[in-house]
Amino acid sequence: MIWFTEHWTENVGLTVKANEVKRIKSKYQEILVLDTPEFGKMLVLDGLVQTTERDEFIYHEMLAHPAMVMHSNPERVLVIGGGDGGTVREILKHKSVKEVHLCEIDEEVIIVSEKYFPSISEKLRDPKVKIFIEDGNSFLEERKDYYDVIIMDSSDPVGASEVLFKKEFYEKVKSSLRKNGIMVAQTESPILQEKYFSRAFGEIRKVFRNVGVYLAYVPTYPSGMWSFTIASDFVDVKDTSVNREKVKELKTKYFCDSIYACLFALPQFVQEILKKS
Ligand code: AG3
């Protein structure tokens, strides 16, 4: 066994005991699969923990369901990034969905996930799912006015993911959404990555009329406190009195009615960051 550390900042990190299962260099990044006693298998890209078998449900449920519930009839959904398939699996829990497009830049991530993370990637071959190995930024240019929900399931805003956190990119997202479309993005940790978080929120707010931030607790991500930013021009994304009955029909382990009801309850310091952004 080895000790693996993700350096969250220069001064703090997450260390786990692990067996190294696989390490490859793809065209875009180093892909590492670890097997850990507490968290099961862990997927690491360029040194950053992306998901683990033990806690992946928290992130994937919280990334997918709020937007899917808030939209009254999501039929066409796009995931940008998310090659492990966890977000796609959650989206398919919604009966209204007719097609899910997954746009992942690195095919190797999909291959590795299908081999080592079957419980996460299990729905990638569902007939409703179409996989595109492309860069999200150029993919959107060819699909205007098409999706009901667009979900950004990216890594941190460094390397290949950096463009996915810029205003120009959110503008493309907006023009690829149909009327009543909703987008949601993972937007990093408000406590350990305040700059990333506040920048992402600031950029999204420049582009969309209605924007909301909510949090979830993901133990293997920096600080554990994780943010998501949801936005729409036509849907009041902060009104969680809508579509409550849809939440009860979902089989989930973290997301539930009481979390949906107070989705936008934020700690004071996070509200302050948003005011300054
Ligand atoms: N996407 C968010 C990962 C960000 C983690 N950051 C970090 N460990 N510094 C995960 C993709 C899962 N589908």
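Quick reminder: no glycine exception, Cβ is built from N, Cα and C everywhere.
All TrEMBL annotations are machine predictions without curation.
Listed features, source TrEMBL:
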{"type": "ACT_SITE", "residues": "D153", "note": "active site, proton acceptor"}
{"type": "BINDING", "residues": "Q29, E104, D135, G136", "note": "S-methyl-5'-thioadenosine binding site"}
{"type": "BINDING", "residues": "H60, D84, D153, S154, S155, D156", "note": "spermidine binding site"}
{"type": "DOMAIN", "residues": "1-233", "note": "domain 'PABS'"}
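Sequence features annotated in TrEMBL and their locations in the structure.
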residue: Q29; record: S-methyl-5'-thioadenosine binding site; DSSP (3 states): coil
residue: H60; record: spermidine binding site; DSSP (3 states): helix
residue: D84; record: spermidine binding site; DSSP (3 states): coil
residue: E104; record: S-methyl-5'-thioadenosine binding site; DSSP (3 states): strand
residue: D135; record: S-methyl-5'-thioadenosine binding site; DSSP (3 states): coil
residue: D153; record: active site, proton acceptor; DSSP (3 states): strand
Output field, S-methyl-5'-thioadenosine shell: CB within 8 Å of site CB centroid, site Q29, E104, D135, G136 dropped: Y28, I80, G81, G83, C103, I105, D106, E134, A160, S161
Binding-site residues close to ligand 1 - of Q29, D84, G136, S155, only those whose C-beta is under 6 Å away: D84, S155
Binding-site residues (E104, D135, D156), the one with most neighbouring Cβ atoms at 10 Å: E104
